[in-house]
């Protein structure tokens with residue numbers, strides 16, 4: 001199976017990083033000898049020349065890679081030939097594939113072509129097999145024929161598909177509006193700061209035009225205008241989040257999860273239930289007030305190109321009881337009854353936060369002698385923080401808990417983002433018990449569980465529990481991994 005010939009122009013276009021070329025355009029405008037509008041024209045001319053050379057090189061590279069690429073489905077494996085100068089022949093056994101997916105980017109949608117990916121546990125940096133881009137029919141056939149469980153033979157029966165969750169319009173809007181959108185907010189505030197508060201001589205005329213334009217529309221102070229720009233960046237991020245999850249649907253077919261979503265960038269991904277290593281429920285304070293959570297699972301495979309980063313979502317935002325129903329379906333464990341950590345841990349948090357506040361106050365007093373700007377920080381603020389440390393210690397204590405079930409361990413921690421992990425014992429790769437000098441004084445330990453699934457490395461921590469908890473987890477972990485003794489001959 002070959003890549004679509006239309007993948008050549010699509011991949012060339014996608015190689016143009018707009019952010020990088022935008023920064024390059026600003027640099028070229030600043031360093032030339034012209035001033036004002038002439039500097040912008042000269043910088044644009046230089047940028048177009050660089051873009052043309054880059055386009056030509058990419059056209060050659062993408063054409064050669066298209067010619068060399070071929071993907072073949074064999075009896076028990078996937079065979080891929082690819083490369084530019086050095087041709088590689090890769091073989092991926094079906095039994096090692098963690099998940100597969102197809103997706104369409106805005107550019108590929110214009111050309112009517114689709115990307116295909118499958119992931120294994122072997123490469124922690126990128127998908128094991130990536131085909132950008134196939135004809136849409138070829139990508140669908142490839143995903144259908146690709147087994148995702150060891151006992152599956154391919155050509156799954158689509159009639160057996162059962163929809164278990166669909167993201168409602170209300171949940172979709174809430175998902176977009178309850179995220180901080182730090183990336184777009186930071187970019188917008190940075191751009192606003194550059195326009196409002198910097199003074200590059202070569203950009204003085206364009207900068208003055210922008211300031212005059214916004215001042216005429218919104219006659220406000222620069223600080224307030226910067227806040228408005230930040231709100232605009234948050235709105236852009238919310239819209240992008242809504243577009244990304246538009247039409248989200250989770251279904252089950254032949255012991256596989258399948259998710260589909262996206263308005264412009266469309267995704268269709270399969271995941272075998274047998275590959276799931278860990279399940280997670282998380283919620284920020286606003287989600288908890290509304291009775292909503294985010295449910296996702298992790299496998300041993302990882303791909304940074306997915307919009308969710310390094311986890312596989314079951315439900316981007318859903319009512320709490322439905323989220324736990326999805327987790328039970330994924331990993332066989334429903335909503336747990338958590339046990340609180342010992343109360344002496346709360347006293348430990350109080351001492352930690354109090355000493356931390358005093359250390360910050362002392363550091364501020366010392367640094368004031370060298371950094372006059374720190375005089376703007378009132379020392380009375382640290383007194384107020386010290387007063388609320390008992391409340392902070394209590395909140396930290398109440399948001400931690402655990403359950404040691406017969407077949408899995410459940411761990412909860414966090415306030416701003418409360419996370420609850422469900423980990424079967426047979427998926428734990430390594431267990432570490434540690435005890436700091438302060439924990440030793442009050443008889444507490446910390447347990448770290450390492451699993452094969454990213455992004456949950458460097459491990460799931462169960463902090464400040466009794467020593468007996470560590471012993472129990474260790475015993476159950478060993479019991480799960482002990483080989484069965486052969487039956488004695490009669």
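Just so it is clear, glycine is given a Cβ too, placed from its N, Cα and C backbone atoms.
TrEMBL lists 66-145 (among others) with the feature domain 'YdbS-like PH'.
Sequence annotations record features per position, and here TrEMBL assigns domain 'YdbS-like PH' to 247-304 (among others).
Among the features that TrEMBL reports, domain 'YdbS-like PH' is placed at 397-467 (among others).
Here TrEMBL flags 12-31 (among others) as transmembrane segment. Beyond the transmembrane segment (12-31), the same-chain residues lying 6 or more positions past its ends with a Cβ under 8 Å from any Cβ of the stretch are 39-40, 42-44, 46-47, 50-51, 54-55, 58-59, 62, 105, 107, 200, 202-203.
Residues or ranges marked as transmembrane segment by TrEMBL: 43-61 (among others). Using a Cβ-Cβ cut-off under 8 Å and counting only residues 6 or more beyond its ends in the same chain, the transmembrane segment (43-61) has close neighbours at 8, 11-12, 15-16, 21, 24-26, 28-30, 32, 84.
Residues 172-173, 175-177, 179-181, 183-189, 191-193, 196-197, 214 of the same chain lie 6 or more positions beyond the ends of the transmembrane segment (220-242) yet place their CB under 8 Å from a CB of it. Taken from TrEMBL, the feature transmembrane segment covers 220-242 (among others).
As annotated by TrEMBL, transmembrane segment applies to 350-371 (among others). Residues 377, 379, 382, 385-386, 389-390, 392-393, 438 of the same chain lie 6+ residues outside the transmembrane segment (350-371) yet bring a C-beta within less than 8 angstroms of a C-beta in it.
The transmembrane segment annotation in TrEMBL covers 377-397 (among others).
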For this session: Over the domain 'YdbS-like PH' (66-145), work out the mean pLDDT and round it to an integer.
Result: 84
